[in-house]
Every structure is written in C-alpha cells, then in structure tokens.
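Now, the feature entries from Swiss-Prot:
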SIGNAL    1-20  signal peptide
CARBOHYD  Asn87  N-linked glycosylation site
CARBOHYD  Asn142  N-linked glycosylation site
ACT_SITE  Asp310  active site
CARBOHYD  Asn326  N-linked glycosylation site
CARBOHYD  Asn385  N-linked glycosylation site
CARBOHYD  Asn404  N-linked glycosylation site
CARBOHYD  Asn477  N-linked glycosylation site
CARBOHYD  Asn518  N-linked glycosylation site
CARBOHYD  Asn559  N-linked glycosylation site
CARBOHYD  Asn614  N-linked glycosylation site
CARBOHYD  Asn652  N-linked glycosylation site
CARBOHYD  Asn679  N-linked glycosylation site
CARBOHYD  Asn701  N-linked glycosylation site
Amino acid sequence: MPRVASVAAVLAALLPSALGQANTSYVDYNHEANPDLFPQCVATIELSFPDCENGPLSKTLVCDKSARPHDRAAALVSMFTLEELVNNTGNTGTGVPRLGLPKYQVWSESLHGVYRANWASEGDYSWATSFPQPILTMAALNRTLIHQIGDILSTQARAFSNVGRYGLDTYAPNINSFRHPVWGRGQETPGEDAYYLASTYAYEYITGIQGGVDPETLKLVATAKHYAGYDIENWDGHSRLGNDMQITQQDLSEYYTPQFLVSARDAKVHSVMCSYNAVNGVPSCSNSFFLQTLLRETFGFVEDGYVSGDCGAVYNAFNPHEYAANESSASADSIRAGTDIDCGTSYQYHFTNAFDEGEISRQDIERGVIRLYTNLVRLGYFDGNSSQYRDLTWSDVQTTDAWNISHEAAVEGTVLLKNDGTLPLADSIRSVALIGPWANATTQMQGNYYGPAPYLTSPLAALEASDLDVHYAFGTNISSTTTAGFADALAAARKADAIIFAGGIDNTIEGEALDRMNITWPGNQLDLINQLSALGKPLVVLQMGGGQVDSSALKHNTNVSALLWGGYPGQSGGTALLDIIRGVRAPAGRLVTTQYPAGYATQFPAIDMGLRPNGTNPGQTYMWYTGTPVYEFGHGLFYTTFEAKRASTATNHSSFNIEDLLTAPHPGYAYPQLRPFLNFTAHITNTGRTTSDYTAMLFANTTAGPAPHPNKWLVGFDRLGALEPGASQTMTFPITIDNVARTDELGNRVLYPGRYELALNNERSVVLRFTLTGEKAVLMKWPLEKQEIPPAA
C-alpha cells in the first residue's frame, strides 16, 4: 500500500495553491506496479459532520430532511465556486470551509475488517474484528455468513465514523474472479467462478454493508471493484497500471462482468471502482462503454451511484497507457466517460485548466460531486444525531458476537483435501509437534488489507492452550533454501505422537502488486515435509495462503496422513484450525479455486484472458480446463459419510418450451429470466458416525448451443448445519431461466433448445435431466462496444 502522510501534511497539500500545481514527475508505470501516491490521496483525516442546526448551511435545502436526496445535494453543490468544486473531485475533498462543509475522505476499506481508519493508539477505537479473507469465507458456501460479515463490518465502521475515525463509504468488495492461479490478489476474492460465486458474494456482502437492497437510509456505501478485467499485478513484468487486457465480448459478458451486473441490478450497489488496466485499448476509467453503456444503461446502476477511479487510475490513462496526450486530457476524458470521483489528484490538479481550455464544463464536474453528496445525504451525513446509525458506539465494536462470527467463518471455510482417517486426532494422541513457517502466525493470518485485531490466536497459541503437550520448531521459512532448522524440527517430531506442519504461502510471495511466477510449494518446505513423513508418525499438513500450490507430492505420499487448506483465517485462525484437527468441529468447506498441476503456470501467459481452450491455452477455470487438476474446484472431504438422493418435485426428463418460459407471469421478478422454473431438491442423510455440516455445489451442463461447450458451470450452492448421525435434511436449489443460458460470441445471453443436466457436486451423486424445446431466445442483449465520450456539457 502507498505510504500514509500525516494529517498536517495533508492539510498543507490541500491548500488551493497546491491543488493548482501540476505533476511533472513521471514514473515508468509499465514496470512499476505499486508506486507511492500523492500524500493528500492516501491520508486518513478526521471525519466531522456538517452542523445543520446552527451552521452556515442550516437554512439551506441540503439540511431539509423532507427534500429529495438528489435535490439536497444539487442545492449544496450549486453554492460551490469553481475552485471549491474542483477541490472536492478527489477522494480527499477539502470541503468548503466558508459553508461549514467539512473535508471528506472517500477512501476507506473493509475487505474483511475495518481498515484505513484513524486508529487510536490504545483502548477504544484501537482495533476492529478481523475476519478471514474472502476466499476462505466463500469456501464455507454459506450466504448468511457473508451477509452477517457485511452487516458487522458496517456496524463497526459506522461506530468509528461517529467519532471521526472512518468515512461513510468503503472500497469493498473485491469481486474480480480468481482466473489464473498466479494472481497475487486472488486471496481478496470469492474464487474463480464469476457467474454464481462472485455474484452471490457480491449480493450478500453489498446488501449487508449497505443495510439492505437500496434502503432509504444507507448504512454504508459499498464499492464493487475492480471494474473490469483486472486480475494481474506484475506477472513477468506486466504492470497492472499499464496492462491492456484483450478480452472478447463473449468472455467479457460471460466471465468478467456478471458479478458487476448483479451488484448494480440486484444488490443496488451505490459505488463502483474502475480499474487500472485497459481493456481492448481503452483504460477502464476512460471507457464510456464500460461506465455508461454497460454500467448505467445495461446493468441498471442506481441513478445517483458514483464511479470512483482506483487510486491513480485516472492519471494512468496518460501514463503509462498513453490513451490521453497529457494528464489534463486524461482527467477530461475520464470525467466525461463516467468516472465521477478521482482517487488521486489528477482532477484536483487539472480540472481548472481543462475547464479553461473548454475540454469540460462546470456541469461535467458537478455531476460526479452531486452524486457523491447525494449518497452522503442518504447516509445521514447532514442529519445530525437523528441519523439512523449515529447512536452506534465503541460498545457496538467490542462484541463477542462479531468474534464468534469470525471464528465460525474460519471453521466453516476450512477444506479437508486428504484424510486417511487420522483426522480428527484420536484421544490417544497426547503430544504434538508443531512445525513450519505458519505455526506461530499472527498478522500472517490476516492476509492483506487488515487493521489491528482485538487478538490474534496463532496455531501455536491455540495448541499451547489445549491439554496437549506441544513441541514447537520453526523448521523453515516460506521461501527459505537453508536447512538450518531441519534438525530441530525433526527432533521435535521424534518426541511427539503426531506431527502438524503449518506452511504454504503468504503475503511475502502473493499480494497486491505481487504475482507469482509458479504455483509450486516455495522454498524447501516440501523437503522438510518429506523428511517428517519418513518418521512414520501421523502427519497433518496445513496448506495456508490464498492461492493454491501444487500439492501432488502430498496427495500421493501415503505417509502424509491428512491435508487441510486454511487460507488466511483471521483473528481466530489458530483456534479454528485446532477445532477442526481435534474434531470439536467437522470440516465441510469446498475449494472455490482449482488446484492445478505446477506446469499449468508456465503453459501459457497469465495475461491471456481467453477462457476457452485453444492451441496453446488448455482452458481456464473449471468451466473450460481440459487437463487433470490436482484437486478440483468444489473438492472437499468430510469426517463422516453422506448419502444424497434425488427428491425433486420436477420429474426427471421433463420438457419445457422456451417461449412458454419467457412469456409466463413473473411476479416479484423484474426480469423473466430471473424467475425459477424448476426446483432441484436433494435428500441428504448423514450415514456416518460424526455430526457434521454438509455442503453442496450444483452444476449444469449441456451440449446445446455453439461449440465449444463448457465442462459444467455452477448454478447453486448450499450448506446444511450440524447433521447428526442418521439425520436427514433436504436442500432445494431454485433454477432460474438465466441459470441455464449460455453466452454467444457477441456477448448475448441466449437460451438454447437442447438437453440439459443438473448434477450435485463433482461426484454427480444426484442428477436431474430436462429438455428445452422451441426456438433459441436472447435473454439479455449485449450492446455493441463503442466509445462515445460525450463532448463537454
């Protein structure tokens, strides 16, 4: 992350004289993926609220609670001078002191906990709950859990904002899809599936954060990011700031934008962030096709929703993209294309010049600022203590309920990849050797984008608090090639009844601005695991980190008893992992990414955005991959056995006419394709001896429509809680018309006649077949890609 300047430096930088100065120092952003930003961009500031009782604004329309939010905001902005207007177009706005309008910081974060807050050094407001990274939370396959986390995050954020320590909007969630396994920021995402996983995560997180679906009073403004085609940091020297991603309209519609469609159309997100990269030659923040044609006209983005550029992305349209001739033109292009707020300083530095040159009008500038302040009106920013969430305090942050949810997410997301019966550990195991670079992890468990947590329970701390004897040895580092710690590790292992190795990857080799060049276990961790396995004792390996590594060697080593994937588990990570290992809880998570063999990472360039297989590309994601994975997308074992039987109300081999489906009444659904037309119902019985949750993924497949055909695609998931031995429950998946549509070469969503299958999990334990008849039908027409940046208004 960029360095954060002091508040004093920010205030000095925000003087109007400073904002009129241009940046003339250019960095080669084609190779530098994470340069420092200007101090006024990255600073945290003390939030304060306008005084609508006795302040200068008290008699103006913006303080009239009975007026429409847009009208209140427009009345406020109409009072700004041009200089004042320009000064409030960046993420760090100066406010308007003469009107009693405080400065405001748009840039706050809440990926998996409150972040970029004005933290107290100790005591109240010095920490917030740290949840697992989204990729682990998504592996739990629990919608309710995602929504709860969003709700808790916004409650804690509002408590911080009420005392001036946080803003009222947040740059989260990250809903890009984890397309290629080397991507450093995949840990921040819900996994590799765009259509169902990322879209569901987006919906639940956004509605949790914002306080519902477009509520009258917003709780917090969520920002769906990064729009669009952003999933490479610095792979092989390709900087995220200068990447020009070549994406077909088919892939753009099918894979890179459906989660943004759901965010805008269904969840009613109030902010979207355009990304650093270009797509098909046009930088995202200067892309009118993305920001107007798709987002507003096709996806139905809320009228007063605002688009924020990623931090520095407006400037990047000039350097390194060279799409604009200079920074002033880059700013003019971006505001007219639809980027309302610049997370950066380009707008503030260059709008006055662009206005003088006739490149933009006051109306162009006002549009984005009005949208921002309309949202602040809906957040209660101008409503004083009567605002719905102004009574939230520190007592709403320090709740054990939030801590319990964090622990639950870590438990539910943990995935059992391999087990020979060693797990859960038998009661006869009284001593354990804990070895490896994750064994004593604390902040390591938080991944990236994290703030101070109330506590961080490492695996070592959790074990030492148990009734087991613990023999700890570091063994080796994440990327170490020295064997200096091997002897101590082996000595500790010889003293113990069982061995736990905690390793994998972490933010030293994956993260923002940091991609991997391979997907092998780094350093000499596998060498140490192999030597430990030769001791012939029960050996449990914890594979940690967001991205997958090729664990073929562990899968096939019969002396490796069990393998768990634990992601970045957050503040309760050690306790959660120990609960799984000892059988206090049973694992039921499923992989939300494919674990590929190591050769996949070098088989084709990671910047190849094509999903479908071709002569050099074996296909990307579980939908299109033609090879054999180490562990499949959706893989996950249990401590018990389950039997799944079809109990569907729809008869197998049913037939549906396409025209009838689309012309049938659809009350409660804005679009006919969102109406369920059949239910897939499975009867699940715990046939084993251990109480366990049960998770399932439902996949569709067909040979209808044009080739190539996907292997399958996800149309549902669910989680049943705590099935006791012998107990049964049913899980029902409503199947919508859109669920079984495909995307044609033009990007249209099309329903094709033909035979279809719905299958439960990779094992296909329950299968339902049906046929669609009649003529194919376009469900959503993808617009023609063209750039039409309007002239200055």
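Using N, Cα and C of the backbone, Cβ positions are placed for all residues, glycine too.
Features per Swiss-Prot, on structure.
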residue	record	contacts (Cβ under 8 Å, 6+ apart)
Asn326	N-linked glycosylation site	Phe318
Asn385	N-linked glycosylation site	Asp391
Asn477	N-linked glycosylation site	Pro437, Gly523
Asn518	N-linked glycosylation site	Val182, Ala598, Ala601, Thr602
Asn559	N-linked glycosylation site	Ser533, Ala534, Gly536, Leu539
Asn614	N-linked glycosylation site	none
Asn652	N-linked glycosylation site	Arg646, Leu768, Arg769, Phe770
Asn701	N-linked glycosylation site	His709, Pro710, Asn711, Lys712, Trp713, Tyr756, Glu757, Ala759
Roughly how many Å lie between the Cα atoms of Asn87 (N-linked glycosylation site) and Asp310 (active site), rounded to a whole value? 18
May I ask which of the glycosylation sites Asn142, Asn404, Asn679 is closest to Asp310 (active site) if we compare their C-alpha atoms? Asn142
May I ask for the distance between Asn404 (N-linked glycosylation site) and Asn142 (N-linked glycosylation site), taken between their Cα atoms and rounded to an integer number of Å? 15
Could you state the whole-number distance in Å separating the C-alpha atoms of Asn142 (N-linked glycosylation site) and Asn679 (N-linked glycosylation site)? 19
Here the 10 Å Cβ neighbour count for Asn404 (N-linked glycosylation site) comes out at 12
The most crowded of the glycosylation sites Asn87, Asn679, judged by neighbouring Cβ atoms within 10 Å of its own Cβ, is Asn87
Taking the Cβ of Asn142 (N-linked glycosylation site) as the centre, how many other Cβ atoms fall within a 10 Å radius? 24
Is Asn679 (N-linked glycosylation site) helix, strand or coil when read with DSSP? strand
Asp310 (active site) has how many other Cβ neighbours within 10 Å of its own Cβ? 25
